[in-house]
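Quick look at what TrEMBL annotates:
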type	residues	note
DOMAIN	B:18-71	domain 'P-type ATPase N-terminal'
TRANSMEM	B:268-289	transmembrane segment
TRANSMEM	B:312-337	transmembrane segment
DOMAIN	B:821-1070	domain 'P-type ATPase C-terminal'
TRANSMEM	B:852-870	transmembrane segment
TRANSMEM	B:882-905	transmembrane segment
TRANSMEM	B:935-959	transmembrane segment
TRANSMEM	B:971-991	transmembrane segment
TRANSMEM	B:1003-1023	transmembrane segment
TRANSMEM	B:1043-1063	transmembrane segment
Amino acid sequence: MSEVINQLRSSKFKQQKLPARQPILKPRSVIPTMLILGVFFIVLGVIFVLSVDSVIEVSKRYDDKCKIGSNCTITFEPPSDMESPVYFYYQLTNYYQNHRRYVKSRDDTQLGGENLSYEEAEELCDPIISLDGEKKDSMVYQPCGLIVWSQFNDTLTVKNGDEVLDFNEKGIAWESDIEKKFKNPDPLPDPDSQTTLQSDYTDEHFVVWMRVAALPTFRKLYAILEKGKLEKGKQYSVNIENHYPVSSFDGQKSIIFTTTTWVGGKNSFLGYAYISLGSILFLIGLGFLLKHLIKPRPLGKEKYLKWD
Amino acid sequence: MDQREFNIPLIIEDPKLFPFCDNSIKSSHYTAMNFVPKTLFEQFRRIANFYFLIVVILEYLPFSPLTPTVSLAPLVIVLSITAAREAYEDYQRHKSDNEINNRKVLVFRNNEWLPIAWKEIKVSDFVKVQENEFLPVDLLLLSSSNNNGICYIDTRNLDGETNLKIKQAIPETLQYSNTDKLQDFYAEFASELPNNNINGFDGNITFENQEKLSLNQNQLLLRGSTLKNTKWVIGFVVFTGKDTKLFQNSKEAPSKRSSVEIQLNPRLVTLFFFLMCIGTVGGIMSARWEKDWKKKAWYIAIDKESGISQNIVVRGIVGFFSFVIVSNVIVPISLYVSLEVVKFTQSWFINKDMKMYHMETDTPAKARTSNLTEEIGCINHVFSDKTGTLTCNIMNFVKCSINGEIYGDDQIIGGEINDLNRIENNEKEKNQEKRKEKKKKFSDKNLLNDLHKSDEIQSNYIHEFLLTMSLCHTVIIENNLEEIDNYSEIQYQAASPDEGALVNATRELGYTFIGRTPKTITIDIEGERKTYELLNILEFNSSRKRMSVIVKDPEGQIILLMKGADDTIYERLDQKNKQLNSDIIHNQIESFASEGLRTLCFAKKNISEEDYNEWNKLFHKANTLTVDRKKNVEMVCEQIENELFLIGASAIEDKLQKGVPQAISSLSLAGIKIWVLTGDKRGTAINIGHSCSLLTNEMELINITSDILEEYLIEMENANETAFQNNKQYQPMALIISGKALRFALTENQKLTFLKLAQRCQAVICCRVSPIQKSQIVELVRHNVKNSTTLAIGDGANDVSMIQAAHVGVGISGNEGMQAVNSSDYSIAQFRFLSRLLLVHGRWCYKRVIKVILYSFYKNVAFSFMQILFGHFSGWSAQTLFPAFLISTYNLFFTSLPILIVGIFDQDISDESEEKYPQLYSCDNQKDDFSFKGYWIWIIEGVFHACVMFFIPILIIGTNIVRHDGKPTAFWVYSIIIYTSVVFVVNLKVAIETTYWTWMHHFTIWGSIIFWFLLISIFSNSLKLSSDLHSIAKEVYTHPICWISLLLVVFICLLPDIAWKYIRRNYFPKDFHIIQEIEKKKAKYQKKIKNLKNLNFSNSVEEHLLNSEQEEKFSKISKMKGDNKYNDNNWDISQESELSILEAHFSSDVDLKEGLKKRKNNKNKTIVLNSSDSSDLFEN
């Protein structure tokens, strides 16, 4: 009996006496941490602001200048030299790629190169399943689904005068998507068939489009200028074959040229957010410090207990 | 039909028509067939489970944004955990049922004794039970191995009483002890219907051509008891199976729910409401959006979608349900499982707590239910029994008054009976030694002198007094008289400790009770054996408050000897020849009572042969009634118990248990009102009140004692005037009310006045209360005091109703059997453990459970609220912000373990401090945490965190280019960034709330975060598991923006939390903050001392000093805290005492350095040689 008891007694676990730390928020540790962190965040914020400042971004709306079905040219002038790589995006607004019905209307196995039966397509691709809604395997869209069906189809070409700039339209999608996720079916879909919505599943514009955006205003990468630069003061033009209708939903289409730094593109919020957070931390820390210096409360005195 | 009649032997042609139930028992709830439906039904009665069932059903609808598996998986896991537990428990029940049903006993079949399984036994069978066997049925005793048909049974399993009970067959059936006789047995039998009265039975048996013979509980052997000290008994079966008294009694105890659990529901309802709001907003907005955008957003092709009506109302309803489904996580499914685990562990810790373990009786504390662990954290009313709860229930015969003469004034006379033998203990020998130690040799010369003096009158009185003491009782002798050489070795078995004390005392005084048969009692009067013929025993019960025996002394005189409470005896004294000294004795009794002693009066009456015979006929008749027997018997008893002659009174001391005053003062410091409910006299009660520091000298006592309504009203009015005087606002008061006055106080129109007065008083003592009044009082407070949480503590069968009536019932596993314990929620061995149970375990559990609940709400609100925010950005389409499987695993994998660990281990302050500062335990303080305000703070924090976690990534990532390689982000990237920050924020929030970091906290909190990364990297490496998340880990975590955003989110979320906690601690501290700091300081100080001790230079000196100082301080402090604590728990003494030194230092505010300096000086003075080199080091 006594042995059991002794065991029980010495069990720190059962007696709830496990070795433990009980940290408490003491001025001595909190105030310095706050001040140091405040400074640290301010410094970080300044670094972000400076980095982002070096980014040059040019944005031009074109849907209002160009009729659907026509070819137009938009010109732009970089405010300063834009060293390569320069990224060329198109931007859509009011476009709900994140709508539930839109997001789910795709079939990843089909995009991975497998042929679908009508039933399989029906399950996921609704409402864009098959040509004229016929319930035949052969009539299933290749690939099916809203996302594919609503693919962005404007063609954009950047020119300097008459010279087409060397914007590379490869390397704009995620490597993993190109390598693993998207595969062409065997046999390749007939490009002329009405059921074929996309003849090359690994086309990078297509792959980029298929990664739906999080918010109704989004940018998609179109091409990258890998060598050379866009020079300040020069007039560049973008040739647009304008197919994609946006007016019905009050959307806007724009083109954007930008350089990047390690934290991405022109994103001033980041830096200011850090500076503000840092300042708040610092000010609170300072407030605590003043209060502590002027009227500290000595810790652990029984006289502070309410019942005394 | 109010009787049960059958013939013996009972011959029934068709076994199917057998009129009585069989003897098999079934305690299991399920069979293999009905387990699944039944357990599912049980589980879906829980509102949360039912809710999730509805969610799953909704998810099967075609428009559901989530697939059913998302909710089905957690639901199935939760259900199967509970079902598995149920199945296991039921399997155990089945097993034990089978074992019991198939036990064998000898049954008389085909004219011989055959071993038959219990379940085969039928009513009217003859059964033969051997020594130490269990009784399989309720058996009517016919004969036993004893010639007089006596047998002894142990009814421990039935009523928990451990003393052996005597049963005796009626003489007419004694002959049926062999097979030949049984063959010819033929009789008609009638009895009462099956009922649950263990201590009563009415029946009669009529043999052919003979008179009707009465039977009572003395002939009934109950199922569940064990045959002892008797080789065999034979009887016939009266009740079987569920008709037996055992099963009639096994009522399910009323199931108690804690107030936290009750309050949980309205809070859950708020969450439902919240969810409905999300649904409504979502529904309306989604209908509006679709109406606006139906034509515009051609790319969604709303009109092409199949299956669902385009009607705007239908769309709205679909939207409503869609949002309800995607936000269903707002109701925490894991909460109930977590709570169950947490509470189970708390109960387990209570069972294992060695500081609530009573070494002498080898009894640990036991949580008999795990439902109420948090309830004991905010008790504000304690109702305590006195005898056996506050006192040891070890009776000591200390004084007596015989014919107005007081004996044993200053010293203990008589032995002390220690009922340790009634406590199950393996080390019986050890106990016997103990018992001998406790026995003090009798030494009251006065009494013996007077007895032998020539003053005949007094000598005679003393003789009669001792005679009554040694004859008027129901004590039996446990050991065999032939085996012992000395009377002092006789072991008495008494039903009540008072009786034991009396019989033991008379032995010491030379009047030894040495044996009884059903018809005689034998005593040894100073060496001379005398046998008294025992005619009747008029038994004791709580309404009679007296017992008497009618005996015929060796000279042939019939005497009635009675002992009982003073008021009952005084009522029955001979009024015509009023004794001159009865008033003197009465005063003496009062003075005994005011010393806290239990008093009993003794009286006698001589009866003439004729009177007796006449009365005995009536008595016999009353006893053979089958209807209203008890009432009639009592009436008949009244007729003979009158015109008594008072002999004297005894005073028995019932010592206070160890540590009771300390425990009581702790509890009252903790803001708990203590009501003592006792059957004792007022004086005794007040005295005990003083000695257990319930009543203090500053207190003004308010007495309410009248037994007439008008007087009572006047008394109450006066009392109210005194109590509510303006200038006495801070005057502590105590109310003492008698049982008779309570009768008025508890009436419908008086009870609130009484309650108001009682609430004004710090302590309330109710004396002379009956068991039913006890529970009435508890219910009065429970139902009429707002926010009251009541606890009743008691040890005897008379406390059961009160224990069941209170929110929490605590049983003392002491001397008075197990009935109180069996109906309690917690059992402890000693009253003093109550303070630890409440102050330490209760407080911890409450804090922990509240933390678990509130945190579970918070984390689910934070998670779900983002969904409605995202609705605004996704065309109110109820697109889930996260991949479906991450929604279902949120509660299961990433956020449930850390809070579970906190719920199990968190200690905001140590148990030592909780006991040292009972003020911390204040129900109001505790309830604050779970008030609606506290609840909303957590909910709002959840909403705030949701906004931060949602909007910061939008502002940072949003439409911007966030990667240095210019590639665009996508929906799932955004989603994973947010999810990552949820996992971080929610787990770090636990970290902030954790006050007690063990390795397990680290393991689970950091483990949960690491597990998230592990899981997401597995998912992003497999196309099959999730094509959406393919390679997501690489795309998210390799880019600095993710971490930058995470850092920002985490700090913005937690900064207000930390800042507020800092401000509160430092500038608006609560008591526990300060105590945490004190503990911290102590720990630091202790460490320094340890370090000093470790410097080997001055080991001996330091230690010597330390030790002497230790002992001194230790003894002081241990006295302060109640020596019991240290005696019982002498482990950790070194540690504790060291702390006590520190305590001393702190309380006198001596600085650490000063303290050391002092010590150094001392040392230099005392031991110069040794310290020559050490002092140098010290200066460094």
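Backbone N, Cα and C atoms are what each Cβ position is placed from, and that goes for glycine too.
The shown structure was predicted, so the numbers you read here are calculated from the model rather than taken from an experiment.
At the 8 Å Cβ threshold, with sequence separation of at least 6, the transmembrane segment (B:935-959) lacks contact with the transmembrane segment (B:312-337), having fewer than 3 such pairs. Within the chain carrying the transmembrane segment (B:1003-1023), a Cβ under 8 angstroms from the stretch's Cβ atoms is held by residues 889, 893-895, 897-898, 900-901, 976, 979-980, 983-984, 987-988, 990-991, 994, 1029-1035, 1037, all 6 or more beyond its ends. For the domain 'P-type ATPase N-terminal' (B:18-71), residue counts in helix, strand and coil come to 26 helix, 0 strand, 28 coil, using DSSP. On the 0 to 100 pLDDT scale, the model's mean across the domain 'P-type ATPase N-terminal' (B:18-71) is 82. Of the two recorded stretches, the transmembrane segment (B:852-870) lies close to the transmembrane segment (B:971-991), with three or more CB pairs under 8 Å once pairs fewer than 6 apart in sequence are set aside. Sequence-distant contacts of the transmembrane segment (B:1043-1063), counting only residues of its own chain at least 6 positions beyond either end whose CB sits under 8 Å from a CB of the stretch, comprise 941, 944-945, 948-949, 952-953, 956-957, 977, 980-981, 984-985, 988-989, 992, 1037.
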